[in-house]
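Scroll down for the structure; my scribbles are underneath it.
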Amino acid sequence: MITAVYPGTFDPLTRGHEDLVRRAAALFDKVVVAVAYSRNKKPFFNIDERVEIAREVLGHYPNVEVRSFGGLLRDFVREQNGRVIVRGLRAMSDFEYEFQMAGMNRHLLPDVETLFMTPSDQYQFISGTIVREIAQLGGDVSKFVFPSVERWLQAKAKARREQAETE
């Protein structure tokens, strides 16, 4: 059985992320979507929310699991008996960073391969950062995220706007 691990912050999970998960699920026996705590970032959604959102969107895939992790990816991949790390590349600008990370992961996990996947054409431009910004400004994000994610975004953006108004 070959297990692939797809790590990311998924803040929020977009249609582009789901596209990669769907395609990876067709290639591997098991795909673990590894939602990172992201210590170096200030996430819009907390870890529990991001895991719940991912489970809502991806729960219908029988060979996909969603889990959170907060330590080294190396340790998480070992715990999951992972053989492959899946990474998405939207543009050449992503490649340099991802190439360096793949090299480091190869050093730390010599038995694990990194598989770079490019998004389907209609998702190449989608990023969680842009989706969050559009949502915070009250824009329509329905083409970029699933309806359940859109509801999460709208509720969180509204709560943040209301909080800002009272401060």
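Any Cβ shown, glycine's included, is placed from N, Cα and C.
Sequence annotations record features per position, and here Swiss-Prot assigns ATP binding site to T9, F10, H17, G88, L89, R90, E98, Y123, Q124, F125, I126, S127, G128, T129. For T9, K41, L73, R87, the entry in Swiss-Prot reads substrate binding site, with the evidence type sequence analysis. Positions annotated as site 'Transition state stabilizer' by Swiss-Prot: H17.
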Inter-residue C-alpha distance, H17 (ATP binding site) and R87 (substrate binding site) (nearest angstrom): 10
For the binding-site residues H17, K41, R87, the one whose C-beta sees the most other C-beta atoms within 10 angstroms: H17
Assigned conformation of R87 (substrate binding site) - DSSP reduced to three states: strand
R87 (substrate binding site) versus binding-site residues E98, Q124, I126, G128 - nearest by Cα: E98
Distance, K41 (substrate binding site) to I126 (ATP binding site) (CA atoms, angstrom): 19
Cα-proximity to L73 (substrate binding site), 10 Å cut-off, over binding-site residues T9, E98, Q124, G128: none
Rounded inter-Cα distance in Å - G128 (ATP binding site), K41 (substrate binding site): 13
Close in space, distant in sequence - T9 (ATP binding site), Cβ under 8 Å, 6 or more apart: V35, A36, S38, K41, P43, R50, G128
Three-class DSSP secondary structure - G128 (ATP binding site): helix
